[in-house]
C-alpha cells in the first residue's frame, strides 16, 4: 500500500507520527484542522485503541471533531477544558521564527483560540511549508458576512501602507456560494506574495471593522515537526533553540490509512 501514498503524504504522516509521541496519558490536547492534522488525529486514535492512551481532545473544527469521534478519541469543548496541555496543528507556511500562515482549511479562528489556550503549540508540516519570508500562500482573514465588501475595501486600502508586495483579495468560495466557516463567517484570501512585517500586519488587520481574525500566528508556535518523504523527521524547538533529527519507520495499516482522503 505504501506505493499509493505520495512523498508529500508520507512526509505529513511521519511528522504527525513523531508529534503524536509528545502526547502523554491524561493530557488535554487541541486537535488541529487540515490534511496534515488529519494524520495526527488518526495516529492518536490508533494509540487510544491499541496502546490504551487516555486523552481528551478539543477539536478546532466540525470536520476534526467528526474524524476524532470516528477513531475513538474522547472530546470535550474548550470551555469544559479551560486550558490545554498541548495543541498540534498543521500550517500553510512557517518561517525561521516559527511565525505561521494558517487558515487554508477555513478554521483559523478556532485554531488560533485553541492554540493560545495551550501550554504549547506544535506544528506538523512537510518541508515544502518552510519559507524564508511569509506571504506566498494567500493570507486568510475571517470576516462577518454583513458588509463584507466594505471590509474587503478597507483591508485593501490598509494594505497600501503595509510592507507587502501584493494587495488584492478574493472572497473564498464553496462552489457558487461564499465559503462559510463553522462560526458562520466568510473568508477573504489576501494575495500578498511577501509579508515584510508579519507582526505589524497581524495587529493592523484585526483593527479593521468586520475582520474577526487573521491567519497570521505570531509568537504562538513553540515547536515544528518537519516530515520528509523518506521517513526523516526534524524537530525544532524555538524556545530551547534545539534541532533534533529522527527517522520514523513507515508501516501502513488499513485501520490507520483507510478513507483518509482530505
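Here the Cβ of each residue, glycine as well, is placed from N, Cα and C on the backbone.
Note that the coordinates shown come from a computational prediction; the quantities given were computed from them, not determined experimentally.
Record features (Swiss-Prot):
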- 111: active site, proton acceptor (ACT_SITE)
- 33, 34, 35, 36, 89, 90, 91, 92, 102, 103, 104, 105, 129: substrate binding site (BINDING)
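Rounded to a whole number, the distance between the Cα atoms of residue 104 (substrate binding site) and the residue listed as 'active site, proton acceptor' is 11 Å.
Counting other Cβ atoms within 10 Å of each Cβ, the lowest count among the binding-site residues 102, 129 belongs to 129. Neighbouring residues of the recorded substrate site, listed in sequence order and excluding 33, 34, 35, 36, 89, 90, 91, 92, 102, 103, 104, 105, 129, comprise 32, 37, 111 (Cβ within 8 Å of the Cβ centroid). All protein chains included, residue 91 (substrate binding site) registers 27 other Cβ atoms within 10 Å of its own Cβ.
Secondary structure from DSSP puts the residue listed as 'active site, proton acceptor' in a helix. Across the annotated binding residues for substrate (33, 34, 35, 36, 89, 90, 91, 92, 102, 103, 104, 105, 129), the two most widely spaced Cα atoms sit 16 Å apart.
In the three-state DSSP assignment, the secondary structure recorded for residue 102 (substrate binding site) is coil. Look at the binding-site residues 33, 35 and count other Cβ atoms within 10 Å of each Cβ; 35 has the fewest. Of all the recorded positions listed (104, 111), 104 has the fewest other CB atoms within 10 A of its CB.
Of all Cβ atoms in the protein chains displayed, 32 besides its own lie within 10 Å of the Cβ of residue 89 (substrate binding site).
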